[in-house]
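For reference, the structure discussed in these notes is given below.
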């Protein structure tokens, strides 16, 4: 699992917010 912190967080990742 990858951690995405961008506003367009999607796909196989977990948002930081």
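Heads up, the Cβ atoms here are built off N, Cα and C, so glycines get one too.
Annotated features, as they stand in Swiss-Prot:
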DISULFID  4-15  disulfide bond
DISULFID  5-13  disulfide bond
DISULFID  9-16  disulfide bond
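Positions of the features from Swiss-Prot, shown on the structure.
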residue: 4; record: disulfide bond; Cβ within 10 Å: 16
residue: 5; record: disulfide bond; Cβ within 10 Å: 10
residue: 9; record: disulfide bond; Cβ within 10 Å: 14
residue: 13; record: disulfide bond; Cβ within 10 Å: 13
residue: 15; record: disulfide bond; Cβ within 10 Å: 12
residue: 16; record: disulfide bond; Cβ within 10 Å: 9
Alpha-carbon spacing, residue 5 (disulfide bond) to residue 16 (disulfide bond), which is rounded to whole Å: 5
Distance [Cα-Cα, Å, rounded] between residue 13 (disulfide bond) and residue 4 (disulfide bond): 6
Residue 9 (disulfide bond) versus residue 15 (disulfide bond) - Cα distance in angstrom: 6
Alpha-carbon distance [residue 16 (disulfide bond); residue 4 (disulfide bond)] in Å: 6
